[in-house]
Amino acid sequence: MVNMRDNESPYEAQMEEPLGRVPILSYGSGHMLNDITSSCWFTYLLVFLTEVGLSPGDAAIVMLSGQLADGFTTIFVGELMDRFGHFKLWHAGGSVLVAISFSSVFGSCIPCKLMGTNSSTLETVGYSTFASIFNVGWAVAQVAHMSMVNCMTSNPTSRVSLVSCRNAFTMVANLSLYGIALLIFTLLQSVSVIVQYRWIAYVSITIGSCFVVIFLVGTKEPGSIQHSVDKNLSRISWAYWFKRVLYYQVALVYTLTRLVTNVSQAFLAFYVIYDLEMPQSSKALVPAIIYVCSLIVSVILQETRWTSWRLKLYFSAGAVLWILSGLGIVLLPSRLHNVMYAISIVIGAANALMTVTSISMEGVLVGEDLNGCAFVYGSLSFVDKVSCGIALYILESYQGNTQITSNLGTVFGYSVTRVGLGLVPAACSLLSALVAYTMDLPDTRRRPLVEPLLA
């Protein structure tokens, strides 16, 4: 019998070799700027915009415009990356756009200064413009970074480790943001809230940009390795993916997972302050607990020997944890608000389990079809961003209402924040678990990492 590994080319053998700590850590740092600005975007943008004078409806329009720009950019950028490659160049260009435009999103209304007027319409248009530019750059950097996973290695365990490390840096970014915010709120109490938010944005950009430099210096361009192999392969058409049932299943699971994490992040601060009547410090403490738990679980996950059934099992476990958390959020009375600290631990573990495994499912979907990986990540991100934008717009437009006006049942007597934070993530988790159960993922059993990531 002929050993199949004897027929492998040197390139294929190299791609199947497990990755060590350095390339994994270097890769994980590449999304730090996106993560820290994204956390600032979802946590503080709406508060900042209302502080500068926009109505809740106009503030929701600004966020929706950014999400739509992000969504439409991802799918076209993915196609361009599949054609031309050079992931690091795309990543660098997107990061520059993020750094420049994000400072303007939290800056003053530039069109208002140029036109000499402060009309609400012009303010909405001005902030929406820079929000769109920011999200275009964010999408470019995100698709480039995610697409590199399958091109850096074909070892499934290493691919999951790359995703797990990326998710760990996401948790670090979120924790860093809350640390920056706490420091600025403490040291700059004498200045206005608007100035405080701007300093948070500026410091976040500076820290994130430093990690982008580390990524660009420490990560090798995948295209330089695979060019000799890929140049003779035809580019995979969109129709190929649209004919695969697994594509739609992974897209649905990934989108629902992003809805869970984004909606919960956007409404958590409102929930703990206005629904549970917790101290103001809880706006930083509860999210910090969530992200610490997510970070711990993400590090633990990178040690796992991954197979297809384990991906589905771990994802389903995370979904069940979120369903239980969602029910707790809906039913938790304000007099028992300290229970929220325990719920936040469960949410942190659930977020890590669902995020790591859902992104890893994208890698399983792509498999060895590297010439179409950017389109897959771009198209799935498109669905994710548009769905999240619409969902957040609907919920945030009614954020000012204390009760949902409906006679469909007593559960609708709760605030929009409580229903949105509790029921929406729980429902999305339930649906995503059902879809994951029906998946027929190909086997991904391979060799483990050469050495532990954080040994």
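Just so it is clear, glycine is given a Cβ too, placed from its N, Cα and C backbone atoms.
What you see is a predicted model, and the numbers here were worked out from it, not measured in a lab.
Listed features, source TrEMBL:
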type	residues	note
TRANSMEM	89-107	transmembrane segment
TRANSMEM	168-187	transmembrane segment
TRANSMEM	199-218	transmembrane segment
TRANSMEM	245-272	transmembrane segment
TRANSMEM	284-301	transmembrane segment
TRANSMEM	313-333	transmembrane segment
TRANSMEM	339-361	transmembrane segment
TRANSMEM	373-395	transmembrane segment
TRANSMEM	415-437	transmembrane segment
Counting only residues at least 6 beyond its ends, the same-chain positions whose CB falls under 8 A of a CB in the transmembrane segment (89-107) are 30, 33-34, 37, 40-41, 45, 48, 77, 81, 127, 130-131, 133-134, 136-145, 197-198, 200-202, 205, 208-209, 212, 215-216
Establish whether the number of Cβ pairs under 8 Å between the transmembrane segment (339-361) and the transmembrane segment (373-395) reaches at least three, counting only pairs separated by 6 or more residues.
no
Residues of the parent chain within Cβ reach of the transmembrane segment (284-301), under 8 Å, 6 or more residues beyond its termini:
43, 160, 164-165, 167-168, 171-172, 174-175, 178, 181-182, 265, 268-269, 272, 278, 314, 340-341, 344-345, 347-349, 351-353, 355-356, 453-454
Quickly jot the same-chain residues contacting the transmembrane segment (415-437) by Cβ under 8 Å, restricted to those at least six beyond its ends, or write none.
249, 252-253, 256-257, 259-260, 263-264, 267-268, 270-271, 274-275, 312, 315-316, 318-320, 322-323, 325-330, 350, 354, 358, 361, 391, 395, 398-399, 401-404
